[in-house]
């Protein structure tokens, strides 16, 4: 009995130290970053307001007023119609997703804090700290009825809201596709046909095949393999950069030397010319190679490569023909009808969005690549499970210290003063940070696999990446972390009392909510970092100060704008929505924190889309319905989890009702 009380006290101390430490740390950092952003935003328009001058005038935003937090109201006041016009349907539907779940979780917070919180905590179990407010604290199974009712209520509200939003998306997408601006654009009247058989891979056959559609075919481009020309062009670009760099350094040195007395005394007429060393570089081997005059060598190389490119461009038909073609129709309707035919094709594409090296892949090659990609993804999921379980173990050090092999950690349970605060920070902040780093590494691998599968557009890669990334987040963040936390915390008791495993798991699985509370708090700090743009801020300073010297590079740096990475942009927020849904009745305290997450991100992303990000790789909002379907994964996990907890807590009838909800 005394051991159980000691164990309970240590668990209480852990949750009390962990959550407040994480809360204070993240709130302080977030406020500090927002203040720093407000100070810097008017001093660096290139980073914080490029859309006020770098985009076409029709899409520009009005400059924001100065003053602390004076930017908030102007950003929120812009109408939805104006937002769609300026930033496109993808960004607008992303904002609607944020706003939708901000409203939903605000409503759930009222019910959760007013009803479920007292039911979980008043006159029930002996749990203390944050665990007092979870469903694991309930001892009277009759109180579980409230959780069943709210599981039905929350599920119904979410599904109704998603149904309405889906209909809104269909309406907006239809309006987008019927505007004169879109209907008359080349991307609306052009389709990309892939997998063309050899006997049909010519203009005459393709015209005969597609000329039956309304308006007929206007033009056909047979795709060819331009790899030789692309290599020559890349080589030319490198030579130009080297030549301009050498010339710029020479001019800078000339300007510096012109202030010296011996330079002013020089005179070309009497042979006393200025002695300025011309730039040189090693011809073949760096450092040890023979030095040659850079200006002369690069100029000769440029003439040679220009001649090579001209020769290659004279005979485009010499390039190998690929099994794909672009077909432009005279009429928008003809292109749309052609896009519904059975041949492999894509519509609503732009040249910048195309992955040219994937255009020649056959359907069989793509299928093989997808099988390989799927196998690698499954392998990564399994490998990442071990890493995530280790990270989850950090947040339960006080529980793991009770196992004999880990007795050396026992001192953590008796920490006092500053050491206790440090333990709280380690258990509360370090796991969430480590988990985010793991996911950042994962994204690089998943993006490569999505491209490897053979998608012919970058927007297609984004859609594929969105599915893979969310799958990993569900498996390794939501499911593995939940069960790893619950089982790791239960491990000492399960070892000592294996016959009480069901009761122990029922009490400990809800404790994983403490980890997710700190995880969501960390995402709120990430929200502040998003608007602060620390990466672009530092890189712009470094490039301007030390790396970029030539006029061309300076112009490219000044004109380049960041853009939203859609493949990784949606999934983390779908994940937060799923976590909030799953734990809405298990730990009601999570609801206002999730509300804050979506409220801040809604505000920040409105600012980013209207003032910072460029419009690239537009899908016409197709990421949104995929996000809606992925939210249903969170709903199913929510209902399954509550069903299991009902049975574990002895609520048989309540569990049956949850099963009915699943059906």
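In case you wondered, yes, glycine gets a Cβ from its N, Cα and C as well.
Features as listed in TrEMBL:
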- 19-165: domain 'CSC1/OSCA1-like N-terminal transmembrane' (DOMAIN)
- 189-358: domain 'CSC1/OSCA1-like cytosolic' (DOMAIN)
- 369-646: domain 'CSC1/OSCA1-like 7TM region' (DOMAIN)
- 23-40: transmembrane segment (TRANSMEM)
- 100-119: transmembrane segment (TRANSMEM)
- 144-163: transmembrane segment (TRANSMEM)
- 371-401: transmembrane segment (TRANSMEM)
- 421-449: transmembrane segment (TRANSMEM)
- 469-488: transmembrane segment (TRANSMEM)
- 516-543: transmembrane segment (TRANSMEM)
- 581-604: transmembrane segment (TRANSMEM)
- 635-662: transmembrane segment (TRANSMEM)
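Most Cβ pairs within less than 8 Å of the transmembrane segment (635-662), among stretches 23-40, 100-119, 144-163, 516-543, 581-604, belong to 144-163. Beyond the transmembrane segment (516-543), the same-chain residues lying 6 or more positions past its ends with a Cβ under 8 Å from any Cβ of the stretch are 18-19, 22-23, 26-27, 29-30, 33-34, 36-37, 40, 44, 46-48, 130, 395, 428-429, 431-433, 435-436, 477, 481, 557, 562, 572, 576, 579-580, 583, 587, 589-590, 593-594, 596-597, 600-601, 604-605, 607-608, 612. Contact between the transmembrane segment (581-604) and the transmembrane segment (100-119) holds: at least three of their C-beta pairs are under 8 Å, each pair 6 or more apart in sequence. Cβ atoms under 8 Å from those of the transmembrane segment (144-163) belong to residues 100, 104, 107-108, 111-112, 115-116, 119, 135, 138, 581, 584-585, 628, 631-632, 635, 638-639, 642, 646, 649, 651, 654, 657-658, 661 of the same chain, restricted to positions at least 6 beyond its ends. For the domain 'CSC1/OSCA1-like 7TM region' (369-646), the model's pLDDT averages out at 81. Remark: secondary structure over the domain 'CSC1/OSCA1-like N-terminal transmembrane' (19-165) totals 113 helix, 0 strand, 34 coil, with classes taken from DSSP.
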